[in-house]
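Worksheet: the structure to be examined is printed underneath.
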Amino acid sequence: MGEPIYRRVVVKLSGEYFAGPQHYGIDQPTIDRVAGDLIAARGLGVEIAVVVGGGNIFRGVEVSARGVSRPTGDTMGMLATVMNCLALGEALRRHGQPARTFSALLMPEVCDLYTRAAAQQTLAEGGIALLAGGTGNPFFTTDTTAVLRAAEIDAGAVLKATNVDGVYTADPKRDPNAKRFERLTHSEALAGGYKVMDATAFALARETSLPIIVFSIAEPGSIGAVLGGAGRATVVAG
């Protein structure tokens with residue numbers, strides 16, 4: 001594994017992954033393993049911020065189809081991301097890694113309000129910044145949040161952790177002929193309609209010239225491997 005390609009990154013983690021084999025809620029062994037991977041990556045000298053989804057607990061889009069208004073459903077989903085970040089922060093600190101949870105929603109008894117300056121200070125001091133609450137607004141995904149926060153805090157890239165090792169022409173779990181891309185431009189990712197991230201996230205990444213690295217979180221040590229240029233992944237840039 002070589003020297004890290006980037007010195008500051010935002011890691012986007014799926015809430016569904018936090019559920020582990022139970023497919024709902026928070027699976028502690030899974031959280032601990034993710035925490036270990038983040039700590040190992042931090043040990044490479046990389047400053048790390050993390051955005052976590054909330055789909056293991058609540059999905060606003062799904063309940064909006066059953067009568068709950070989309071703004072209310074999305075706000076409930078934002079609260080789920082806070083729960084995930086609190087769980088991950090606890091695991092990180094238990095393993096000796098300083099971590100601080102920030103939320104785009106004001107909840108001072110629970111965690112700090114997100115500001116660019118406070119998040120950057122945490123990173124500069126060696127802590128991992130956990131960025132919860134989405135953008136604080138409905139209709140924006142946590143993928144878009146990850147790109148937005150990365151642009152705000154001057155990160156070099158977004159590391160998008162998924163259950164497959166990159167962007168494919170089709171779902172590789174359903175189509176054995178699906179081909180993996182080594183590289184895509186932001187425009188190609190948008191034109192292809194690949195579901196690994198939403199169009200708003202890709203468009204914002206293109207506007208801010210921010211690389212997105214799509215990789216599988218399934219293998220232990222995958223975050224550090226990608227940072228060192230050794231892991232299988234698709235780079236979306238240019």
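The first residue you see is number 1, and the count goes up from there.
For all residues, glycine too, the Cβ spot is worked out from N, Cα and C.
The structure displayed is predicted, hence computed values, not measured ones.
Binding of UMP is annotated in Swiss-Prot for Asp74, Thr135, Gly136, Asn137, Pro138, Phe139, Phe140, Thr141, Thr142; the matching candidate from Gly54, Gly89, Gly156 at the same site is Gly54.
Sequence-distant neighbours of Thr141 (UMP binding site) (same chain, 6+ residues apart, CB-CB distance under 8 A): Gly134, Asp198, Thr200, Ala201. Within 10 Å of the C-beta of Phe139 (UMP binding site) we count 13 further C-beta atoms, all protein chains included.
Under 8 Å, Cβ to Cβ, and six or more positions away along its own chain, Gly55 (ATP binding site) finds Ser14, Gly15, Glu16, Gly77, Ala80. Neighbour density at the Cβ, taken as the number of other Cβ atoms within 10 Å, is lowest among the binding-site residues Ser14, Thr135, Asn137, Thr162 for Asn137. As a whole number, the greatest separation of Cα atoms within the ATP-binding residue list Lys12, Leu13, Ser14, Gly15, Gly55, Arg59, Thr162, Asn163, Tyr168, Asp171 is 25 Å.
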